[in-house]
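Here is what TrEMBL says about this protein:
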ACT_SITE  H178  active site, tele-UMP-histidine intermediate
BINDING   C50, C53, H125, H176  Zn(2+) binding site
DOMAIN    9-188  domain 'Galactose-1-phosphate uridyl transferase N-terminal'
REGION    24-46  region 'Disordered'
Amino acid sequence: MATTPPARSPELRKDPVTNRWVIFSPARAKRPSDFKSKSPENPNNNSSSCPFCIGNEHQCAPEIFRVPPDPNWKLRVIENLYPALSRKLDHPNGQNDDSSSELSGLGRVVPGFGFHDVVIETPVHSVQLSDLDPSEIGDVLIAYKRRIEQIKQFDSIKYIQVFKNHGASAGASMSHSHSQMLSLPIVPASVTTRLNSMKEHFHQTGKCILCQVQSKDLLINETSHFFSIAPYASSFPFEIWIIPRDHSSHFDELDNKKAVDLGGLLKLILKKMALQLNNPPFNFMIHTSPIQVTDSELPYSHWFLQIIPQLTGVGGFELGSGCYINPVFPDDAAKILRELNVPI
């Protein structure tokens, strides 16, 4: 008679990249293989009123560029109709640091100049990013790169966050497949913390943490230029990182060949996640270096793409402590996803 393996004991792990403590508490949840989204994302196929669909371009905010540059486009980059920051403000010529910001009685204030863009990933409403072939996903990734290179010309922009919200509970206000880019006049505290944590590891070991993070127990899938893992101290169940094999500090160093390679791995991971977890809402974020990173920071700054399926909520403990509780150990999550066969 088969016996049930003993339950793993809780433990705390500190993420050497984010510098965040995570509590792994498997007793709080079911078996890892039983994790499913309770609110699977079912895209709305009503495209007649969707401004992102081909033929409805006049309903959108101004276009920045399209690929290819003709009426039968495959992707478009447009301004966000409801931007978080304003590209119309008089942007500073100098630097938005402590010397150029204003100090009020309550804290520092920086003018809200920045860029908030939308990348429409497909002209067809019912098509999701994971439905595209690797070269088409590669085109989306290269569109991010192209827009980053345009925005880097503005000295006052310090950091560019690329992200995708899939599903209403993950923050998506439109069901048509799209991602966003928010260009900031400051470097967010979480980015500074990440760089400082990676710097500490580098000074202790002489090595970049993401160049040596690969472990067979945490590995999910790999390609010629990228590998995907469940991170050692993942904050969320079935969290996934896709990491370049070769050391690279800036996402916009990505070339066309590597973009297609990354597109294939991203497609596979999204397909596996949808099949195993019941098509959950998810977020993905590209964690790259600040635009004006110094040469001394390049040896330990390594970009990666993070995918978080929305399977559990964030409560008062997480918000108050900054410490997350994860009911699934990453090696269990990696094994399940690694062994899952998905037709592509």
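Along the chain as shown, residues are numbered 1 onward.
Here the Cβ of each residue, glycine as well, is placed from N, Cα and C on the backbone.
Taking every protein chain shown into account, H125, H176 are the binding-site residues, and of these the Cβ with the most other Cβ atoms within 10 Å belongs to H176. Its own atom aside, the Cβ of C53 (Zn(2+) binding site) has 19 Cβ atoms within 10 angstroms in the protein chains shown.
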